[in-house]
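Everything below concerns the one structure shown next.
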Amino acid sequence: MSLQMVSTVSNSSLLQPGFSLLNFDEHVFFFGQKGWPKRSCPTGVFLLDIKQNELKMKPAFFSKDSCYLPPLRYPALCTLRSDAEADEYQYIIHGGKTPNNDLSDKIYFMSLVNKTSKRMTFQCIEKDLGGDVPEARYGHTINVVHSRGKSVTVLFGGRSYTPLAQRTTEKWNSVVDCLPSVFLIDFEFGCCTSYILPELQDGLSFHVSIARDDTIYILGGHSLQNNTRSPNLYKLKIDLPLGSPAVTCTILPGGISVSSAIVTQISDTEFVLVGGYHSDSQKRLVCNTIVLEDSKIEIVESVSPEWTPDIKHCRTWFGCDMGKGSVLLGIPGANKQITPDANYFYILRCKGAEEDKEEELITQICSQTSSEDPGDSTPFEDSEEFCFSAEANSFDADDADTYNEDDEEDESETGYWITCCASCNIDINTWVPFYSTELNKPAMILCSSGAGHWVHAQCMDLSETMLLRLSEANVKYFCNKHVDLHKGLQTPQKVMCLRKPPMKPLRKKKAMKLPTSAKKSFLRRLFE
């Protein structure tokens with residue numbers, strides 16, 4: 001193993017605990033930034049370009065027919081192929097936290113639809129499910145298994161917010177373990193079925209899961225209810241006959257009590273387990289080799305790299321599998337750097353130079369790792385852990401067919417040509433600047449409805465004065481589709497009743513008293 005430090009050049013503050021890495025065509029892409037995307041990259045997906053020990057991040061592109069993919073931290077993701085031997089694949093992304101700390105229950109499919117020498121274009125589609133749909137969660141895993149020529153997606157573990165009926169003011173945003181149910185998802189028919197197995201008694205999150213053929217191995221994980229890290233090694237076997245699926249679970253010996261570990265694949269049957277935590281305050285600096293052969297699993301301790309003093313003495317660390325036996329590791333650097341959000345980053349290569357060659361890796365990996373921002377969590381790992389997902393693809397930092405940082409086209413059309421609404425008429429081939437602030441891309445504004453989505457200012461009929469006012473003021477904006485809904489959800493303002501002064505009662509006029517002689521004179525005239 002070799003450990004090498006890399007320096008960050010651009011957008012390094014976006015690399016915070018909670019992100020994921022995706023591998024497409026020997027390139028690594030970053031997903032899951034901490035805050036909402038900026039105008040420079042509304043897609044929130046970046047290419048990680050590492051050359052000469054320098055890490056650069058450049059915006060990625062999405063097709064016009066893509067749905068909006070919010071930046072999700074701590075999601076579960078894996079690759080989905082048409083069959084176990086297929087080369088083409090797409091990523092399944094489920095759950096995770098939005099920048100508003102809301103939990104997502106949506107499932108997205110992300111695929112590569114176009115590749116040129118200068119850029120790659122992705123497509124994102126949201127999938128609808130029926131049946132026992134998993135609740136919104138984070139810190140869980142998702143894998144794809146193959147049996148009898150068919151495939152099914154398996155989801156397990158994670159954490160969610162306390163149900164609304166059980167929340168209190170003091171613990172409104174407290175989290176609990178999700179029930180230890182195993183979900184089988186069939187995307188061909190759009191249905192989902194949950195299974196309760198007697199061997200799985202406690203909920204787990206930030207565990208490691210490795211899928212091979214029709215079997216999934218679940219290792220480690222943290223239970224909030226018992227505040228323990230499970231030493232058990234679970235073997236889930238999924239059989240897909242013509243009728244109903246059969247799911248069985250076996251507890252195997254030789255497990256490791258660890259949470260938030262990272263797994264990377266170094267060969268067709270070998271994996272390396274890196275990092276993790278023994279407890280809330282104790283990192284795990286030991287590495288293990290996992291070998292899968294003939295429906296058996298073997299876990300042995302391997303030679304660990306020469307950790308730097310900074311890594312040894314830091315309290316938290318985070319990272320993710322980059323594919324091809326490489327892991328990106330980060331440690332907090334807030335106390336040593338001018339930029340508060342800056343971190344130190346290392347690349348751990350678990351394979352020797354003689355082993356670093358092209359391989360077809362068909363085994364799917366999905367693991368979870370840890371570390372939440374110090375200001376957002378109580379004792380580390382007890383409330384938030386870092387979520388990792390790793391898929392078996394290759395990564396080569398020295399590959400010549402990478403993006404050029406100086407290409408002007410790379411940042412000119414990033415996600416600006418989406419169909420923002422039903423009446424959207426922004427076309428890349430016919431668009432001309434409408435506002436004085438526009439140059440080579442249309443002005444966009446974020447609608448705050450739900451998870452948020454971007455719309456074109458011109459499609460919303462915003463004047464230039466209003467657009468500038470909204471960009472300068474710290475207020476929420478709602479597009480034409482959601483503004484009426486937002487108004488309906490608002491609490492009516494309390495109307496102050498006007499106090500009216502009481503009316504003074506009218507005084508009765510006193511009758512005029514006539515003298516007795518006058519009365520007699522009046523009566524005499526009246527009867528004459």
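Positions of Cβ are set from backbone N, Cα and C atoms, glycine also.
Feature annotations, courtesy of TrEMBL:
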BINDING   Cys420, Cys424, Cys447, His453, His456, Cys459, Cys479, His482  Zn(2+) binding site
DOMAIN    415-492  domain 'Recombination activating protein 2 PHD'
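Listed in chain order, the extra residues whose Cβ falls within 8 Å of the Cβ center of the Zn(2+) site residues Cys420, Cys424, Cys447, His453, His456, Cys459, Cys479, His482 are Cys421, Ile445, Trp454, Val455, Met460, Asn480, Lys481. With the fewest other Cβ atoms inside 10 Å of its Cβ, the least crowded of the binding-site residues His453, His456, His482 in this structure is His482. Broken down with DSSP, the domain 'Recombination activating protein 2 PHD' (415-492) shows 16 helix, 8 strand, 54 coil. Look at the Cβ of each of the binding-site residues Cys420, Cys424, Cys459 and count the other Cβ atoms within 10 Å; the largest number goes with Cys420. Every protein chain shown contributes to the tally, and the Cβ of Cys447 (Zn(2+) binding site) ends up with 23 other Cβ atoms within 10 Å.
Long-range Cβ neighbours of Cys479 (Zn(2+) binding site) (same chain, at least 6 residues apart, Cβ-Cβ under 8 Å): Cys420, Cys421, Cys447, Ser449, His453, Val455, Met460.
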